[in-house]
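Engineer: Following this message is one structure expressed as structure tokens.
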Amino acid sequence: MEREKSESSVAANLSDDPEDVEGSIETDDQILTLKDKLRLIFGIHWRGIVSLVVPLILVPIQLSFPPEKYQWCAYTLVVMAVFWVTECIPLAVTSFLPLVIFPLTGIMSTATTCACYMNDTIMMYLGSMWLAYAVEQSGLHLRLALCAIRWVGYSHYKLLFAMSFITMFISMWITNTAATSMMVPINFALLKVFEDQNLMKIYDTVNGENVASDITTCYFCAATYSATIGGVGTLVGTATNLVFKGLFSKLYPEAPEYLSFPKFSAFAIPYMLIMEFCVYLYLVILYFGFLRPNSAAARNTEMPPEGIEAAKKVVAERYKALGGITFWEILVIVLFSFAILLFFSRSPQMFTGWGDAMQDYYKIKDKKFIQDSAAATLVVFLMLLLPYSLRFFDNCKAKEHGDLPENSIPSVLNWRQVNDVMPYSFMFLLGGGFALSEAAKKEYTDLNGQIGLILKNFKSLPNYLIILFVILFTIFITNFASNVAVCNVITPIAMQLAKEINNNPLWYNIAAGFSSSYAFCLPVGTPGNLVVQSAANIPTSKMVKAGIGPTVTTTIVSWLFICFWAPVVWPDLKMLPDWIQ
């Protein structure tokens, strides 16, 4: 209200007496000082100010004149990092800067820079999104969620367990935001049943405003946290996984395919399950009074038989409303399973995969000639080709013209609907990071080498301590900025650090890459957090309280798994490989 009055006061004075604008502006309501005006201007136009001032402030990065190529690359990197963190302009627009700066400064040609914006990793990202949208359009994910809840049980402990783990599982295959959004109506339906039974309140009234109660906060935060953790379980679970795989492949093209689908999942699935269990344990201790039987939280979550029956009735009604499993859902299950089978069997390294066999048949020596994006695109093509129902065959049984269907039969994946909601901007976000990584190579600017001269100071520290530092730093930063942007900036630096202190870059790549997903404390950290905060009106202070535990447990589990489980999955981690050069 004060802001509206201030702005109206400025407008009134501008129209009546322009000379008064330079001094303090007096109205019937208040006096607007120069400090107030500056605060208003910065509050409204801060994005434009940051966009203009930051590139000027960072000019000293280019110490020599004319600037060296690595200085131009460093300048571009820092400007993009600041723009990505502050989001002063859209993330995708920031990602276009290499297309402008690199050709004009002689770093890379336009063709070479543009090639970074379309490659196997980006096509794999698009393929995984298309597969995920097929699941969403068919409604299969809702059936899976309701089936899990019916199977596990209806007490608060069982419901939270079912909701958390099914969200985690679904998020392994579709976007984290979609998995979180799926659980919002289900959570509200269940909590409304408990509220009708006077077992809890969905909202508390604070200063005249309805805010989420502790139990509501628990259920909704569990949804977004489980989606975040589920995203690290497979290579296609979240965009950051494809980012750090793509950055590693871009920087070390001669390296073996360490981050293949089977190898990635062999490491990530046990890692994901342990993290999810720790998050669940923290939430039930904090909100349900587990191990604290005499606490207020334990008393508030006691579930009488009538409450359980009411919850069971709601879930049964929602499941009944879905009807029987449709031909559409069956086709999605078959095609999606076919895609996963192709991912795992392309080049499993335990036996000859279909990709290996095709390369042998055509006598192709390049082990990376066929990638997972080929399999993903094949299955998506089939989804766009096949009809979603058996009504298609009514054409064959028709005896008269009136028996023929009047409309075309939609495909398993509806392209028009996908086109409306597909986040294509993330392609450019990935491409911007790949362009930076390519430009930092020795043959272009050798920015990596210049950064390495600084990072050599860490050589005296123990390896496990440095990995912990990388994890802590990445998790801290990713709570304030886009996960993909953080991964694009920090992962190449972490790999260069590993190279300078004579460690395997893959080790630090996965440390920074996985850690860039874990934004639990703040709503701005990931879209899933924003979804639950806006849906349930969760105060930021409550989200921070709920997120501290997952942040701590995730940091510890990540450090243990990356230090001790990763070398089991990738035995080469403890060696200094030849391809590092």
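From the backbone N, Cα and C atoms, a Cβ is placed for every residue, glycine too.
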Engineer: When you get a sec, could you say which of 101-120, 421-440 is annotated transmembrane segment by TrEMBL?
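Structural biologist: Based on what TrEMBL states, transmembrane segment spans 421-440.
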Engineer: Please figure out which one of 44-65, 159-191, 268-290, 461-486, 506-525 racks up the most CB pairs under 8 Å against the transmembrane segment (421-440).
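Structural biologist: Looking at each of 44-65, 159-191, 268-290, 461-486, 506-525 in turn, the most contacts to the transmembrane segment (421-440) are made by 461-486.
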Engineer: Would you kindly check 159-191, 268-290, 325-344, 506-525 and say which stretch has the most C-beta pairs under 8 angstroms to the transmembrane segment (461-486)?
Structural biologist: 506-525
Engineer: Tally Cβ pairs under 8 Å between the transmembrane segment (325-344) and each listed stretch (44-65, 72-93, 159-191, 369-390, 506-525), then give the stretch with the top tally.
Structural biologist: 369-390
Engineer: For the transmembrane segment (546-570), could you work out the same-chain residues 6 or more beyond its ends whose Cβ comes under 8 Å from its Cβ atoms?
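Structural biologist: Distal contacts: 217-218, 221, 225, 229, 258, 263, 266-267, 270-271, 274-275, 278-279, 282-283, 286, 464, 467-468, 471-472, 475, 479, 506-507, 510-511, 514-515, 518, 520-522.
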Engineer: Which stretch from 44-65, 72-93, 159-191, 369-390 shares the most C-beta pairs under 8 Å with the transmembrane segment (268-290)?
Structural biologist: 159-191
Engineer: Give the nonlocal contacts of the transmembrane segment (159-191) in its own chain as ranges (CB under 8 Å, at least six residues past its ends).
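Structural biologist: Contacts with the transmembrane segment (159-191): 129, 131-133, 135-136, 141-142, 144-146, 148-149, 151-153, 200, 202, 215-216, 218-220, 222-231, 233-234, 236-238, 272, 276, 279-280, 283-284, 288, 311, 314-315, 318, 336, 526-528, 531-532, 535-536.
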